[in-house]
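Chemist: After the structure tokens below, expect a handful of questions from me.
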Amino acid sequence: MKPIFDINETFEKQLKDLTSNVKSIQDNLLEEIITPNTKTEYLQRFLIDRFDKELFKKNVPIVSYEDIKPYLDRVVNGESSDVISARTITGFLLSSGTSGGAQKMMPWNNKYLDNLTFIYDLRMQVITKHVKGVEEGKGMMFLFTKQESMTPSGLPARVATSSYFKSDYFKNRPSNWYYSYTSPDEVILCPNNTESLYCHLLCGLVQRDEVVRTGSIFASVMVRAIEVLKNSWEELCSNIRSGHLSNWVTDLGCQNSVSLVLGGPRPELADTIEEICNQNSWKGIVKRLWPNTKYIETVVTGSMGQYVPMLNYYCNDLPLVSTTYGSSETTFGINLDPLCKPEDVSYTFMPNMSYFEFIPMDGGDKNDVVDLEDVKLGCTYEPVVTNFAGLYRMRVGDIVLVTGFYNNAPQFKFVRRENVVLSIDSDKTNEEDLFKAVSQAKLVLESSGLDLKDFTSYADTSTFPGHYVVYLEVDTKEGEEKETAQFELDEEALSTCCLVMEESLDNVYKRCRFKDGSIGPLEIRVVRQGTFDSLMDFFISQGASTGQYKTPRCIKSGKALQVLETCVVAKFFSI
């Protein structure tokens, strides 16, 4: 197949070619994927020994991860890749394991990294077009690598970001502004994420005048970095003043590389940073510490949207740029309007990434799956992916809304995860519904001088009737360093939160709750400060990645519930 992307062509022409020829690119891509795979054990049950798009769509079933897991497990345990893929499977990508339960292992090969590198180069061009002067400095990016595991077959299993950072693609990346970071590679590759995060902050502070952008993959990680800064700035200043890294950082790569960045004692710089951090309010702290920062690059769509107010507070309303929509299955596309408001972010799907189909979610026949070029404006769909690593017509589990078109390429807004729900009876509360309800509670908290830091939930069926439990971590409005137990909780406000949350839920919930009596009163359990950091630490200990971590909005793990329950300081009901 002729390459879709010619690095020597202009950016505008590259983008126009991709987005104007969606159908032909998708058809050619599907043929390229399927033709060598018709003899695999999986596909030969459905296809004759040649490519035929109509037969593919008619015979090959739409599947979930559980449907193909037996085939993947065979490769994991040592059988040949051609059980499911004619192209050699060189490893497995781990999902975050926080949205829908246990981690999934997706097959991958270098085609995934080819696509990822393509997207990185494309989004660099997009940002260059929209953000002036961004080429004149470095990025303070909170990027992490997680220790990989090995499958019985000897293939690595790791998260997508680790696969990229440990690859030759990253090692031999272009020497331009977008790949220029304040942190040495050794900090990114450090397997101890606590040490890595501290070193990211230290290197960024030393080079504070060179930073033109900062960020992380997800907004939650950016917020955590700021929280670590709040708790560690005195130690960081001490390191800068002395020119020596703290002894508790034991990773040799970090020790050696960060020492070079420190470059000896810098007492005047330490004094400047200390004066900034010592001020009463941390509003705008990012812009004050890194005055040349032009934008924050991090995902703020979906469940990450709740962190937008906190980032706006700390970053003094710098643009929050959500660049890319991707998953362990594939990279979907990029945001071509990077300076738009977080609530307006849409991603233009790139037709050369994978073969995309869509299950309609607005009623009608869900078997009437449509191609990328046939989606309709204003309709919602679940994407289905066929990729180069052995996934054929696999449901992704996301729900997306068509918001427009760039030439012929559809643009999608991420709406929610399909499989994250609370349910006691006939009620089905998805992540979007829960987020809207919590947003109403957040307004009540703010009127009482409290900020919502994070939340999660679970359906408690140990009582009769069962009821929704929502865990909230709150803080004082100005972010003062106090334990939750040390400032007075407004009992009336929190009881009101229970009521407004119930009022925000749908009619099925209200019928079950107030008419049928099949759901009990909604409960809020307030947890002490630092609880959601502990929850993150738990999931990381179970295999989740620091860089890709998202707070689960519905807890399914009994052990994770124990982490939360040990931190509860108060309970409120909607009675």
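The backbone N, Cα and C atoms fix where each Cβ goes, glycine too.
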Chemist: Which of these ranges is annotated coiled coil in Swiss-Prot: 6-33, 146-173, 230-257?
Modeler: 6-33
Chemist: Looking only at C-alpha atoms, tell me how far T324 (AMP binding site) is from R123 (salicylate binding site), rounded to the nearest Å.
Modeler: 8
Chemist: To the nearest whole angstrom, what is the C-alpha distance linking R123 (salicylate binding site) and Y347 (AMP binding site)?
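Modeler: Roughly 11 Å, rounded to the nearest whole number.
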Chemist: Of all the binding-site residues given, namely Y120, D121, L122, which is spatially nearest to S328 (AMP binding site) at the Cα level?
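Modeler: Among Y120, D121, L122, Y120.
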Chemist: Ranking the binding-site residues Y120, Y347 by other Cβ atoms within 10 Å, which is at the bottom?
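Modeler: So among Y120, Y347, the binding-site residues given, the one with the fewest Cβ atoms within 10 Å is Y120.
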Chemist: Do you know which of the binding-site residues D121, D398 has the most other C-beta atoms within 10 angstroms of its C-beta?
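Modeler: That would be D398, with the most Cβ atoms nearby.
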Chemist: Around the Cβ of L122 (salicylate binding site), how many other Cβ atoms lie within 10 Å? Please give the count over every shown protein chain.
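Modeler: Around L122 (salicylate binding site), other Cβ atoms within 10 Å: 22.
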